[in-house]
Amino acid sequence: GAGADNDLYINQAVVFIEDAIQYRSINHRVDSRSLGLYRWYYSRTCQWILSLTITVILALAFIEQPSSLTVTSDARYRPPAWNPPCGLTESIELLCFLVFVVDVAVKSYLVGWEEFWKNKWLMAYIVTLVVSLTDWMVSLSFFCMEDVRIRRILRPFFLLQNSSMMKKTLKSINSTLPEMASVVLLLALHLSLFTMFAMLLFARTKDGQQDKEWVRYFRNLPDSLTSLLVLLTTANNPDVMIPAYSKNRAYSLFFILFTVLGNLFLMNLLTAIIYNQFRGYLLKSVQSSLFRRRLGIRAAFEVLSSLKETPASAQESYVSVGALLQVLQKVDMDSRCKQAITRSIRMCSCDQLSATQFQKLFEELDKDAIMQHPPSPEYQSHFMQKVQFAFGHPYFGYLGNVVALANIISICVVLVMDADKQPSERDDFFLGAINCFFILYYLLEMLLKVLAMGLQRYLSYPSNRFDGLLTVILLVLEISTFAVYGFPHPGWRPEFMGLLSLWDMVRLVNMFIVFRFLRIIPNMKFMALVVTTLLDLVKNLRAFAGILVVVFYAFAITGIMLFKGAVVPLGNTSKKAVVLCVKEKSDFIALFGYFQAHVIYCLLYLLSLLTVHLICRWAKIYFVAWWLISSVIWVNLFIALLLENFIHKWDRRCHRESLSDIEYQRTVELMFRDVLEEPTEEELMEKLHQHPHLQLCR
């Protein structure tokens, strides 16, 4: 009946608005049962379970053989690690696979069979699950003794497919690759030409004493290419040119010319191209997100205009205010936006809303998130008003910065004076006394600020929360020190009592004092701009960080499988290390010892390998691939995002001075808001009429 139809339209509008808020596609089933399943799937509980499952399956690598559960990180003295019995991690893995099977089944059902075949991510999801389950069964058939587990390399895909922003970022990276390939090809040509020049310049001579450059770096084509590739990263500079420079100073011109052309021109040209292209593709991605939001809002308007209680009009559709308020009560959205939209509706004198008015109401979603600080308390006493004015004035904060600087200088002086003293000769009286004085001042400063500003206003500033937290920590540490060692006195000696020695306690206090000095950042405008850029970058970096985790994880697992068992730790004398392809045994152990251990070693080593190190012949492919992806591509993408974020903030700073009582927060979508184009009504209606499951009345 009409009531059932109206309920369906209301629920459709609720889902479409939630899709718009989250920038989701509206191309899914819209019948009553599917809408309930859709809202359940995107509920916080369901998404939390899915995120937990992804975290668990990624974390399995840390306890699977080779296990990371060891007492010490030193491979020479580490006892055999505990390895879980066969079937333990496999059972956990099977539970995770079952969750993923349910996930892909629900997604496939909701988008419909026609959309399923167009969705490459869903098809890749199913293929990954099939391969993983097949490999899981093979593993059990071998009683978990197989060396190669393909499913471990495929695990990061589950993280990748669960984030729409990561998919967009990956698509942007993929679209940027052709432009990057041209510069990488030019870089390879530069490397090849200079390799040939090097082999001609440093050819073998009759005098073996003069062939040090040839012996160490340019013996053959692979060694020459590797030496110059490492020089391109400056990892072996100036070692690579010392033998040749010792023979003839003119040889240095070769290395200078190679470094200038490669590092200063080609690498920076690559950065410029990546920034320009990636910014364009990211802008297109954000433009498509805006289109999804506008399409979701327009779809909600169209279904609400189909309500039986809405009067029909031959020329234009309308939505009743009562229906919209009913929808807003069910929509899961930010309370700030909901209150602002409701307030705008109450202020509107009309009973019906046109499509333009309806869309304008939801533009509240595009605005900056602002946080207004609570007002200061109002004191009746004239004396308290003067106290509030004095200790709430910015100059009082500047005085605190000067005192913090004096504290840092005093710590530096004491550390320089005691640098060469033995622990038995050190007297901590002076350092303990000045720390006690400054900590008491910090406590007094915090209490006076709370008195002047009020507790709520004081805590509304991040800088005050940072300052107050460190002050409380310092006070607790100082009281603990006094309780164990007494008050500072001449001859205060570092003596071990309980958990920490006196010297450890003093050092911990001093580290927090140095860390507290960062409170000066908000008072320096340019430094505050840089820091807020970095903080916003961290907030908006989840997609980039997620893809970086995927790359790290895949390369770490691949490294373990490729180099597992290639070397025995130095402390193990029961087995003989097998050196396969490196001139010096110590170099081989230093390199491959990380990969025969466990995942933590691999991740740490890959983190340090943003430049190429000494590698054996066949392993060069692995490490050069890692260098290209991590250092050449990913670091430049990070620089591109950093530049875009900073330039955007700088432009906003020039056009609008920040207000003292308002803080603005930005997202990736809002970063490009000023340059995005609004979709036309014809584009929106054309897209809505192409919806596979929604039949519009007009």
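Using N, Cα and C of the backbone, Cβ positions are placed for all residues, glycine too.
Remember, predicted model here, so these are calculated numbers, not experimental data.
Marked as domain 'Ion transport' by TrEMBL: 50-278, 398-646. The transmembrane segment annotation in TrEMBL covers 41-63, 92-110, 122-143, 180-203, 251-275, 395-417, 429-448, 468-487, 499-521, 541-567, 588-615, 621-643.
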So which residues does the transmembrane segment (395-417) touch in its own chain, when a touch means Cβ under 8 Å and the partner is 6 or more beyond its ends?
430-431, 434-435, 438, 441-442, 445, 448-449, 510, 513-514, 516-517, 519-520, 523
With pairs restricted to those 6 or more apart in sequence, evaluate whether the transmembrane segment (251-275) and the transmembrane segment (621-643) have 3+ C-beta pairs under 8 Å.
yes
Which stretch, 41-63, 429-448, 621-643, tops the Cβ pairs under 8 Å count with the transmembrane segment (180-203)?
621-643
Quick one: average pLDDT across the domain 'Ion transport' (50-278), no decimals.
84
